[in-house]
Each structure stands twice: as structure tokens, then as C-alpha cells.
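Novice: One structure follows; several queries about it will come next.
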């Protein structure tokens, strides 16, 4: 009898393993080759149209992908709207996500669904991943292949955002902790920070660095003094804290390696930017990327591909959302 029970337990374990494998399939570049073979062209066309309307499309979409993947994984849960403002996008860390990023995904989803063969076959999570690649490329950055096969999550809560996103005042230990907890290395951290080459921020996010850094130093000593005074002109003391400031003051609308050259000159807008150069653990990587744009592009492709695998739902997990803004 004992032997029979052992066989039943063994068979049960094998069944659980088989179900787990079927529900957690690896991502692949050709996931939609049979169901929606022209998905990439459909998304690219919609994203290009949106990009022509406003450059903000690029940084907004890229940041949306980052915020989605670090909270509950890359499952498009950041897109979900809540009738009582209790979704991820309502958290203080996500309220500043620009509407143009959300609109890019909505428009790309509509373009995909306009093809009868593709309707309700492609996840919002995959559309966001493809749109992110396209905005990087349209802004002058590298083109890279996107792994596909993500499913959309059904859950989006304010609470899930708490302590899952890096902040402008973070030091390198805090930043490293965020990234390593998601299977990303310190090199990935530096490469993905390079996305700030097309980013923008608001005065309230860094005003302490130019007005009230410490009792001894009003201005953060790691900040280029001339740059600090320029920032003061753009962000006077009583300015609307929502005023937008380019994170790369040199080539703000080009995805390039200028961000790293800025760090070498003390022109990182956030503490979390400048620390990548002031901390010896990442300084050499910043110097490499500043001097070699190909090295930066390759590292960025590797890092954003790894980011795109974080916490994904695949197989029969999750769903394919009919409307990206709400679960089915």
C-alpha cells in the first residue's frame, strides 16, 4: 500500500511540473509568427505616428515600461485604471508618468486589433515592450529584437508599487539592491540609467540639490556649479514644481551616450545619476560608455532584454487584455 501511495505522489508531482511548464513558457522572438505575423510592423507604424506628433512619446513610453516591469513584473499592470484611484498608476511614484506613454500603447493596441487576424491575440505587455524598442530606435538609439509571449496581469494595486521603484535621492547601494532583486547587474543599472539621455523631470524632484542640500552646502558639491546656477534659473524657488526640465541638457532629444559625458562633468540631474560617476564601483562603466557609444548601446540592449523578462506571465497565466486599461 505504501508503495502505491508513493507512486501516486510521484505522478502528482510530475503532473504539477508539467502544468507549471505549460503555464510558464520562455519568451521568444517569433511568438506571433502564426497568430499575428505582422505585429511588429503594426506597432511600429502606430508608434512612429505618435512620435511624429510629440517627442515626449519616447521618454514617456520608455519610462512606462521600466515602471511596469519593476512592479509585479512586465505584465502591463501599470496600464490598468481604477474607478477609485487604487491602481499602480495612482501611486505617487507613478502619477508623474506622462500620458503620452499610455496613449502610445492604446494607439498601438488599436492598430494591432484593426487587423482581423491579430484581434485580441497580442498582449498589452508585449505591445508595450515593442513600443519601447521602437521609441528608443526612433529617438536615435539602437534597434534590437524583442522577446515576446508575455501575458497581461489582472491585478494592479497602489500597495504593490511601494518600495519597488528607485528614487532620485538613492545612493548606489540602494540602487543596486533594486536591480539585483530583479536579476539585474550593476552594469545593467548603469546602462538602463542611460535612458535618462532622453528623460525629463520636474523641479520638485531635485530642488534640494540646488537650494537646500545640507547645513554646510546649499548646493550639492557633486553638482557642477555652473549647471546648478542654470538649474536655479529654470527652477526658481517658488516655481510650479511640475515644470519639466531635460535630464540631458546637451542633446535632450537624442538617444545617445551624452548622459555619461554629462556625469563626467558633474551634470547628473539626480543624486542617483551623479552617484554612478562619484562611486568608484560604477565610475569605470560610466567612463567606458562615455567614450564608446557602441559599448553603451550593446549594454543597453542586454539590460533592457533582461528587464523585459522580469516576472513575466506566460502560457496560460494571466490573460490577453481586450482593453489595456482594464482586466477582462
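Cβ coordinates come from backbone N, Cα and C, glycine included.
Predicted, not measured: the structure shown is a model, and the values here were computed from it.
Annotation comment: TrEMBL describes 36-118, 69-74, 124-324, 203-235 as disulfide bond. Positions annotated as active site, proton acceptor by TrEMBL: 67. Residues or ranges marked as Ca(2+) 1 binding site in TrEMBL: 68, 71, 73, 75, 77, 88. Residues annotated as substrate binding site in TrEMBL: 166. Summarising the annotation, TrEMBL assigns heme b binding site to 196. According to TrEMBL, the Ca(2+) 2 binding site annotation covers 197, 248, 251, 256.
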Novice: Starting from the Cβ of residue 88 (Ca(2+) 1 binding site), draw a 10 Å sphere and report how many other Cβ atoms land inside it.
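Specialist: A count of 26.
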Novice: Spatially, which candidate from the recorded positions 67, 69, 77, 88, 118 is nearest to residue 324 (disulfide bond), comparing Cα atoms?
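Specialist: With Cα distances computed to residue 324 (disulfide bond), the winner among 67, 69, 77, 88, 118 is 77.
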Novice: Taking just the CA atoms, what is the gap between residue 73 (Ca(2+) 1 binding site) and residue 124 (disulfide bond) in Å?
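Specialist: Per the Cα atoms, residue 73 (Ca(2+) 1 binding site) and residue 124 (disulfide bond) stand 13 Å apart.
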Novice: Under 8 Å between C-beta atoms and at least six apart in sequence, can you list the same-chain neighbours of residue 196 (heme b binding site), or say none if there are none?
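Specialist: The answer is 247, 248, 259, 269, 270, 273.
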Novice: Express the distance between the Cα positions of residue 68 (Ca(2+) 1 binding site) and residue 36 (disulfide bond) as a whole number of Å.
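Specialist: Residue 68 (Ca(2+) 1 binding site) and residue 36 (disulfide bond) have their Cα atoms 24 Å apart.
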Novice: If you skip the near sequence neighbours and keep only those at least six away, which residues in the chain come within under 8 angstroms of residue 71 (Ca(2+) 1 binding site), Cβ to Cβ?
Specialist: 77, 78, 88, 160, 161, 164, 165
Novice: What are the non-local neighbours of residue 67 (active site, proton acceptor), defined as same-chain residues 6+ apart in sequence with CB under 8 A from its CB?
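Specialist: Set apart from residue 67 (active site, proton acceptor) by at least 6 residues yet with Cβ under 8 Å, we have 78, 88, 93, 94, 97, 165.
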Novice: Within 10 Å of residue 256 (Ca(2+) 2 binding site) (Cα to Cα), which of the recorded positions 36, 69, 75, 118, 124 do you find?
Specialist: none
Novice: Output, ordered by sequence, the same-chain residues six or more apart from residue 118 (disulfide bond) with a CB under 8 Å from its CB, or 'none'.
Specialist: 32, 35, 36, 38, 39, 42, 112
Novice: Distance between residue 124 (disulfide bond) and the residue listed as 'substrate binding site' at the Cα atoms, whole Å?
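Specialist: One finds 24 Å between the Cα atoms of these residues.
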Novice: Restricting to the same chain and to sequence separations of six or more, state which residues have a Cβ under 8 Å from that of residue 75 (Ca(2+) 1 binding site).
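Specialist: Listed in sequence order: 68, 125, 150, 151, 152, 153, 311, 312, 313, 318.
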Novice: Within 10 Å of the Cβ of residue 74 (disulfide bond), how many other Cβ atoms can be counted across all chains shown?
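Specialist: The answer is 29.
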Novice: Would you list, in sequence order, the residues of this chain other than 68, 71, 73, 75, 77, 88 that have their CB within 8 A of the centroid of the site's CB atoms, where the site is the one recorded for Ca(2+) 1?
Specialist: 67, 69, 70, 72, 74, 76, 78, 153, 156, 160, 311
